[in-house]
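A.B. asks: I have a structure here, written as structure tokens, and I will follow up with some questions on it.
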Amino acid sequence: MITLSIIKADTGGFVGHSAVHPDMMDGARRAVQRAVAGELLVDGHVAACGDDISLIMTHTYGPDSQLIHSFAWDTFKTTTAVARELGLYGAGQDLLSDAFSGNLRGMGPGYAELEFEERPSEPVICFLADKTEPGAWNLPLYKIFADPFNSAGLVIDTKMHAGFLFEVYDLYEEKAVLFDCPTDLYDMLMFIGAPARYVVHSVRSKALGEVAAATSTQRLSLIAGKYVGKDDPVMFVRCQSGLPAVGEVLEPFSFGYTVGGAMRGSHHAPIMPVPAEDAHPARFDGPPRVVALGFQIKDGKLIGPRDMFADPSFDEARRQANRAMDYLRRHGPFEPHRLPLEDLEYTTMPAIADRIADRWTPISGPLVTTGPQTDAGRTR
Ligand code: 13P
Ligand code: 13P
Ligand code: MG
Ligand code: MG
Ligand code: MG
Ligand code: MG
């Protein structure tokens, strides 16, 4: 059995929240090289999307391993130190706790992990996103594993035809539910269509009994109790041989669908699939970006990556995202560009509401008058 873990954190942005500094990447790469040499990891690759560093690692310790999580924590401490030295923005942004205790749950970094028996050929796509939240994977996961207009295999491939089990988390109440698709499709959409709260955590093939997809499902603002940046998410999807083909896994990203998390974590904006070298959100700290790194895993080694969105067939999605960004930006501070109040209530809204609390009065007449008041002209 091999475990694939992607553990990620924002430990400082260069410049603002747009990218990771090369010196931080070097520090993380050196740590991963040492961990491979010291046989903690079978293999490792360091990548970034926007200001978030991802450690893509294979090892034999299973999910939630103290050894692996503390290695990631220490690595993020190292990159934080580099960020501090260079005065980078938000150094240590996602490290919410001072001391590591057992595993990373509730500590700030995000992680997607899965233990599995490596198949003779094991193609995996690792997705990294910035300026959005874990629920951003709901729409593509639905399309990949439940929509035959996206994935031909749901009709053609007998193993996919049997359907998939979606494990969905309620991030507000910390509980989970399984949806058996296609039977439960409509029930499931009721929930995962609200991605700020309900998040697909994993997807399992019914025919193979194998987990095919895993996501990071933390929610920083709920952990920290105030706004500390959206938890820019990661996920990976295993492909082929009874699971969706690579092209079916990438296909949902040909549409620049709208996600929450741009500018101050408080705006909806279209997600833009980009090659790694373009994953540096700048305009209005956006549009949100997604990178797809393809690997073949062989004896635990990460053969790759291939930069899957470095492909002109995603040019239209990028153009569409730019056009949608123009459209949404013109709303300024209005919904639906700005997130709905329920979401801001977990962030910046309460302080403002408190400050003006005693200025509210019952609705009984006009508060502002410009001259002598009469009833003339009133229609009710
Ligand atoms: P090739 O014929 O290039 O191997 O492609 C097979 C396939 O089914 C791709 O979806
Ligand atoms: P990050 O979550 O990527 O740090 O972005 C924060 C933000 O608010 C950018 O406007
Ligand atoms: Mg940041
Ligand atoms: Mg980020
Ligand atoms: Mg964010
Ligand atoms: Mg072929």
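Note that Cβ sites are derived from N, Cα and C of the backbone, with glycine treated the same way.
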A.B. asks: Of the candidates Asp130, Asp157, Asp299, Asp307, which one does TrEMBL list alongside Asp51, Asp52, Asp232 as binding Mg(2+) 2?
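C.D. replies: That Mg(2+) 2 site, as TrEMBL gives it, pairs Asp51, Asp52, Asp232 with Asp130.
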A.B. asks: Please pick, from Gln93, Gln218, Gln240, the residue that TrEMBL records in the Mg(2+) 1 site together with Asp10, His17, Asp51.
C.D. replies: Gln93
A.B. asks: Tell me, in order along the sequence, which binding-site residues from Gln93, Gly102, Ser241, Arg264 have their CA within 10 Å of Asp130 (Mg(2+) 2 binding site).
C.D. replies: none
A.B. asks: Compare the C-alpha of Asp232 (Mg(2+) 2 binding site) with the C-alpha of each of the recorded positions Asp10, Gly102, Asp285, and give the closest one.
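C.D. replies: That would be Asp10, the closest of Asp10, Gly102, Asp285 to Asp232 (Mg(2+) 2 binding site).
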A.B. asks: Check the binding-site residues Asp51, Asp52, Asp232 for other C-beta atoms within 10 angstroms of each C-beta and report the one with the most.
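C.D. replies: That would be Asp51, with the most Cβ atoms nearby.
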A.B. asks: Give me the CA-CA distance between Asp10 (active site, proton acceptor) and Asp231 (Mg(2+) 3 binding site), in Å, as a whole number.
C.D. replies: 9
A.B. asks: By CA-CA distance, flag whichever of Asp52, Gly102, Ser241 among the binding-site residues is nearest to Gln93 (Mg(2+) 1 binding site).
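C.D. replies: Smallest Cα separation from Gln93 (Mg(2+) 1 binding site) among Asp52, Gly102, Ser241: Asp52.
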A.B. asks: Out of the recorded positions I have (Asp52, Gly102, Asp130, Lys230, Asp231), which ones have their Cβ sitting under 6 Å from ligand 3?
C.D. replies: none
